[in-house]
Structure formats: C-alpha cells, structure tokens
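Below: one structure, written as structure tokens.
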Amino acid sequence: MGSRVSREEFEWVYTDQPHAARRKEILAKYPEIKSLMKPDHNLIWIVAMMLLVQLASFYLVKDLDWKWVIFWSYVFGSCLNHSMTLAIHEISHNFPFGHHKALWNRWFGMFANLSLGVPYSISFKRYHMDHHRYLGADKIDVDIPTDFEGWFFCTTFRKFVWVILQPLFYAFRPLFINPKPITYLEIINTVIQITFDIIIYYVFGVKSLVYMLAATLLGLGLHPISGHFIAEHYMFLKGHETYSYYGPLNLLTFNVGYHNEHHDFPNVPGKNLPMVRKIASEYYDDLPHYNSWIKVLYDFVTDDTISPYSRMKRPPKGNEILE
C-alpha cells in the first residue's frame, strides 16, 4: 500500500563524523564551554519525582475499565515513560553523580528503569557510547536500521508500521547488528526489573502492569515525542547527518532535541545544551533543524525519498574499542 520509496541503499560516506572536528574548533574559540561540562544533580530528584508520579498512576488506573487503562497509558503514561528513557540517556552519560561515580550512575539508571517495565538502562548505556564514538559505523552503531528494515519498509504504509514498531526494532536490532556478551549488571538490571513488575502485579493488579508496559510500547512508537528517533540522524537533506530540534517538547525530554550540540559536547548535560548553542551560535544557527517532531514523523511516512535507508553509514576502521 502506498507509493514506493526511491532509495534502495544507505548513504555510504568515507569521511569522519563532523562532531569531533567541530568540538575542537568551538573549544578553541570558546573555552568557557568547558565550564558547562559538569554533573546535573537535579536529575536525581527529577527522576525520583517522575517515578513517584508513575507509581501514583498505577494506583489510579487499577480499577478502571480496560479502554481507559489503554487511553491513559497513551495520553499520560507514555509521555512519562518516554521522558524517563531520556532521563536514562542523561544517566548513561554519568550526569547525575558525575564520571567519578560511574557505578552510582548505573544503579541510579536501574532505579529510573523501574517505571518502564522492561530492563533497558544498562544495555542502553553500552550501545549508546558506541553510537557517540562511532556514529554511523557499519555493524557497530545499532541506531542504524538493518538492511531488512530498509528493504521491507519501503512504502508509505509500511513506513507507518515501522514507526509504530520502533521500540521492537530498537530492542532486537542489537542482536543482529552488534551482539555483545551479557554483563553482570545487565543480569542485575533484569532481575530487579522483573521483581518490580511482579510487585506491581501483586499490589495493584494486572491492569496497572499492562498500563506500565503499554505506556512504554506506545510512548516509543507512534507518539509525538518519538519524532526525535527520526529527527536526530535521518538524512532529510543530503550531506547532513545530525539535526537539532528547538521546539517545546525539549521541556519533557531533557533537551535531547539539541542533538548537534549533544554530539559535539557529549559531556555537557542536557540542561546546559541551550547555553552551548547561545555561546557558539554561529556554528548552529545555520545548520538544518526542526521545530516540530510531529511534522518529522509525517514527512518521514509520506516523503517518497525518505526511508529507513536514509542514514549515513561508514565502514569501520578496524581499530574501534567497543563498550
């Protein structure tokens, strides 16, 4: 159903990602940006409050009709859970407690993970660091879709289905592209999460458990906030690999929309990324950017020139050190 996309292959490039060179140039001109590279201790209480709100919602939905359980999981729970995945993104960069307390951040990530219903935090951190170091690297960066995704989801309707199924692809894609041995922290993350899920089931009932899981699945699929998955690196304009978003949903997502700024300065917490743009405005104001994630989703589905193949990809150099 729907028209077929014109792209049949990834955009292969043989140059380094632009972020390291731009970071070096900006720091030489604006060394004060180094002062923004510091922990964000506010994340600790923000995440705790988010988890408490979600626990309260488990209580509020436990006796609702099923239609209202699903309704509120999409309208409210999905926003909270997607926001929590982006809090976990901040935690993966060691922002709550700082780099000198890396293990504290891993434990805090497991705490933040609780409201999602599925173990996520530890595995995300391992793959996300590879994404930053080796952006677009073949068989390393699992943010790049598989060849199957690019080949199969090649019509308007199929791209729409692909957007809905985004959380499943992000969950299983690493197993096909860059499988890693399981670590003890991932096992602990899984055991803690399953234990929490069982407690939710026995304390609140099956409706609260379904609400929690549906909020994660729906929130990471066809949802306004999910526009960031596509907006960040899908090549809407040839030659441009990373795009920022400067719209209001940054307030719910720890400024993940400031994505060029984030890749240029991964040691700057989200709350300080607007300052990076302000200080080095001449480097960012003229770069292509978005003001609406909803429009990004619409354009991705309806534009015949855009598909899961619309990513810049690099052959690995062979000297990569993976997490």
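Easy rule for this one: first residue shown is 1, then count along the chain.
In case you wondered, yes, glycine gets a Cβ from its N, Cα and C as well.
Positions annotated as N-myristoyl glycine by Swiss-Prot, on the basis of similarity to another entry: Gly2. Positions annotated as transmembrane segment by Swiss-Prot, on the basis of sequence analysis: 41-61, 68-88, 104-124, 152-172, 184-204, 209-229. Swiss-Prot lists 89-93 with the feature motif 'Histidine box-1', giving a curator's inference as the kind of evidence. According to Swiss-Prot, the feature motif 'Histidine box-2' maps to 128-132. The motif 'Histidine box-3' annotation in Swiss-Prot covers 259-263. Under the heading phosphoserine, Swiss-Prot lists Ser307, citing similarity to another entry as support.
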Key: For the transmembrane segment (68-88), sequence-distant contacts whose Cβ falls under 8 Å of one of its Cβ atoms, 6 or more beyond its ends   = 43, 46-47, 50-51, 53-54, 57, 61, 109, 112-113, 115-116, 120-121, 124, 207, 210-212, 214-216, 218-220, 223, 225-226, 252-254, 256
Message = Out of 41-61, 152-172, 184-204, 209-229, what stretch is closest in contact terms to the transmembrane segment (104-124), meaning most Cβ pairs under 8 angstroms?
response = 184-204
Inquiry  = For a three-state summary based on DSSP, what are the helix, strand and coil counts in the motif 'Histidine box-3' (259-263)?
reply    = 5 helix, 0 strand, 0 coil
Remark   = Same-chain residues at least 6 beyond the ends of the transmembrane segment (41-61) with a Cβ under 8 Å from one of its Cβ atoms are 68-69, 72-73, 76-77, 80-81, 83-84, 87, 90-91, 95-97, 108, 111-112, 114-115, 200, 204, 207-208, 211-212, 254, 269, 271
Query = the motif 'Histidine box-2' (128-132): mean pLDDT?
reply = 97
